[in-house]
Structure formats: structure tokens, C-alpha cells
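See structure below.
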Amino acid sequence: MNKNMLFLGLPGSGKGTQASLLRMHHGYEVVDAGHIVRNSKEFSEFKKTVNKGDLLSDSVINSVMSSYLFNLSHSFVLDGYPRTIGQAEFLNSFLVDNQLHLDVVFQFVMDENKVIQRISNRYICEKCYNVINQDHNICSICGSKNFVRRGDDSDLDIVKHRVLVYTNTVSGLLEYYSDRLVKIDASLSIDDVNKLIVDVVLD
């Protein structure tokens, strides 16, 4: 039976790529907080905060995410939300109220320097949001050749700040989800990481 899951990890640790694989090959519904925020009608109000690499307030991000959470209808993967204990508690209340459950939380573990190097070389597929290395000219997930670069990936200082923000906030979430936490070496190949995830969620 497919399990509902949350991905935690540094930006650039491969969460988006793995989420895309689960959607393409196993029918998972992907709730990508970054994509949702950037495409929300309110984005102009908090674009500056996001582009600086800072977190939105719990009240703002919970409000933005609510409409997408209400549309969850089958097995899902959460990527980029929740980021704080307050958001995790909001999510938990929503899931309980809607008779849904978060079965497993994957922590993508990777060296910070490796992550920064990855981010400096990455683009995003416009069609499936898979992460593409700048040396590639076609998306390995959907075959698209249309890529974009995220604004907050272009500035090294902002990238380092995003890494710091994650490091300073993740410990509380790891403790909150300790009963369902699975650590993954995100420096492994895409296929190896995918196999580790699939072995757990499709068990």
C-alpha cells in the first residue's frame, strides 16, 4: 500500500527529483510548497522575502497551502512544507480532521558544500519541475528541453543563507517526526535514492 510522505532536506539535496519520479512512475500527488508559493496570486506580496531565502510566517504559508491540502485525494508527497513546528502542528490538525495520515518522513542527508555546488549548477524543468544539471539538455523525467533558473539559486550568498535557515530550523521537525523518520544518504545516485524510497513506501 502506498504511504503518504514528507521530504525534509537541504535545498539541492534531490527532493524535487525524487518527488517527480514518484509522480511519474507511481502516481503520487506532489505538493511542492516552493512551486505553490511562487504561483500563488499573493506571491507579489511576499516575493522579496522568498527571494532573500527567508521563511514566510506560519500564518501566511499555512493559508497559502490550505487550498492545496484540501484537494489531496490519494497518496501524496509533501516537499518543502512544513518548515517549522507551528506548520507541522497545523498540518497534523488538518490531516486528522480529514482522516488522512502522514506515514513516513524522509530526511535527505547531504554535506552542505556539496549542496551549494549542486544548486549553483541547477535548472528547473518547466514541465515537471525536475531539477536539471546545467550540463544536460533534456529532462530525464519527462523529456522536455525547456528549463528555467530559480532567482534564489543565482546568488551564492542567498544560497548559503537558505542552507543556514534550514539548518537552524530542521532540528525541531526531526524531533517532532522522530517516530516515522527515515534518513537517506542523498549523495547516492538518483536511482539508488529512488530505490531506497520506493522500498519503504510501497512495502
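FYI, residue positions are counted from 1 along the chain as it appears here.
Just so it is clear, glycine is given a Cβ too, placed from its N, Cα and C backbone atoms.
Within the same chain, the residues at least 6 positions away from LEU188 (ATP binding site) whose Cβ sits under 8 Å from its Cβ are LEU196, listed in sequence order. The ATP binding site feature in TrEMBL is assigned to GLY12, SER13, GLY14, LYS15, GLY16, THR17, ARG122, LEU188.
If you look up TrEMBL, you'll see ARG38, ASP54, LEU55, LEU56, GLY80, TYR81, PRO82, ARG83, GLN87, ARG150, ARG162 marked as AMP binding site. Within the same chain, residues at least 6 positions away in sequence whose Cβ sits under 8 Å from that of PRO82 (AMP binding site) are LEU6, ALA88, PHE90, LEU91, LEU173.
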Practice task
Between the Cα atoms of LYS15 (ATP binding site) and GLY80 (AMP binding site), find the distance and write it as a whole number of Å.
Solution key: 9
Exercise for the section: Name, in the order they occur in the sequence, the residues of the same chain whose CB lies under 8 A from the CB of GLY80 (AMP binding site) and which sit 6 or more residues away. Expected result: PHE7, LYS15, ASP32, ALA33, GLY34
Problem - Neighbour-count leader, CB within 10 A, binding-site residues: ARG122, ARG162 - result: ARG162
Practice task
Return the member of LEU55, GLN87, ARG162 nearest to GLY12 (ATP binding site) in space, with distance defined Cα to Cα and candidates limited to these binding-site residues.
Solution key: ARG162
Exercise for the section: Mind telling me which of the binding-site residues SER13, THR17, GLN87 has the densest Cβ neighbourhood, counting other Cβ atoms within 10 Å? Expected result: SER13
Fill in the blank from the handout: Spacing of the two Cα atoms, ARG162 (AMP binding site) and SER13 (ATP binding site), in whole angstrom, works out to 13
